[in-house]
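Accompanying notes for the structure given below.
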Amino acid sequence: MKIVSWNINSVRFRIEIVEQFLREAQPDVLCLQETKVVDTDFPTDAFRALGYDHILLHGQRMHHGVAIVARVPVSADDRLDWQANREARHLGVRLPNGVRLENVYVPAGGDVPDREVNAKFGQKLDFVERMTRWSETLTEPTILTGDFNIAPLPSDVWSHKALLKVVSHTPVEVEALDRLKASNDWVDLGRHFHPAPARLHTWWSYRSPDWTKNDRGRRLDHMWATGDVAKTATAHTVFEPCRSWLKPSDHVPIMTEFAW
């Protein structure tokens, strides 16, 4: 089983590279974030043409939005409002073997890492805290994946020193994500297969004229699994070349393979 997570930054605008990726990587399940489309306008025909007949959506006009498309049967499970304002940022399903798959899009948090002057930063921290409370009660085999918008380790960013006061890598965000990870038997599959201090990035800003030359990346996209599921993982891949495709997202897909 191959499971992919990708912040696509508008699925309709980038449907051509989504189709290209599905043809080349052949994942069984694709979790998308930032789809930026209402459910009725989602490009379902393009996915069905490639054999992805199982499509679950939690969309929103212009902003946010998550989706799960699969070529294996998946069943709707839950939509949790960890943002507490009805933004479409979570979608959960059950895989054929009963494992829960939770697709999440954590808020970016604005530009100033201070909740007293930046409400968006406070919303981000509260979002992760609500996820933590949910995680504490979780007892079933689960995969948690998506755009977490936090790069926790020094080797998850191009410069630990330069980004310590930049939203996505500040100590308060890292501590919040660490609490989430410690709240259950979570295994970070990216670092399980590519241990620190190896460079591991999934996002490069559009502001850089040449992302390959400057390589100022961050690992904002993650796939975690509870210990029982993590034992069945066999590989984890970050598809960096997708960042150079035509009309790319600023994120690239990540994929974990499981022995089932």
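Placed from the backbone N, Cα and C atoms, the Cβ positions cover glycine too.
Sequence-distant neighbours of Tyr105 (active site): residues of the same chain at least 6 apart with a C-beta under 8 Å from its C-beta are Asn7, Gln33, Glu34, His64, Gly65, Val66, Arg89, His90, Gly146, Asp147. Reduced to three states, the DSSP call for Tyr105 (active site) is strand. As annotated by TrEMBL, active site applies to Tyr105.
The Cβ neighbour count for Asp147 (active site, proton donor/acceptor), using a 10 Å radius over every protein chain in view, is 28. Under the DSSP three-state reduction, Asp147 (active site, proton donor/acceptor) is assigned to strand. Among the features that TrEMBL reports, active site, proton donor/acceptor is placed at Asp147.
Annotation note: Asn7 (Mg(2+) binding site) sits in a strand segment as assigned by DSSP. Summarising the annotation, TrEMBL assigns Mg(2+) binding site to Asn7, Glu34, Asp147, Asn149, Asp250, His251.
Positions annotated as site 'Transition state stabilizer' by TrEMBL: Asn149. Sequence-distant neighbours of Asn149 (Mg(2+) binding site) (same chain, 6+ residues apart, CB-CB distance under 8 A): Val106, Pro107, Ala108, Gly109, Lys124, Ser168, Leu220.
Taken from TrEMBL, the feature site 'Important for catalytic activity' applies to Asp221. In the three-state DSSP scheme, Asp221 (site 'Important for catalytic activity') is classed as strand.
DSSP assigns His251 (Mg(2+) binding site) to a strand. Neighbour density for His251 (Mg(2+) binding site): within 10 A of its CB lie 22 other CB atoms from the protein chains shown. Annotation comment: TrEMBL describes His251 as site 'Interaction with DNA substrate'.
Long-range Cβ proximity for Asp250 (Mg(2+) binding site), meaning a same-chain Cβ under 8 A and a gap of 6 or more residues, is found for Asn7, Asn9, Trp203, Trp204, Ser205, Tyr206, Arg243.
All chains included, 24 other C-beta atoms sit within 10 angstroms of the C-beta of Asn7 (Mg(2+) binding site).
In sequence order, Ser5, Trp6, Asn7, Gly146, Asp147, Phe148, Thr202, Trp203, His251, Val252, Ile254 constitute the residues six or more apart from Asp221 (site 'Important for catalytic activity') in its chain with CB-CB distances below 8 Å.
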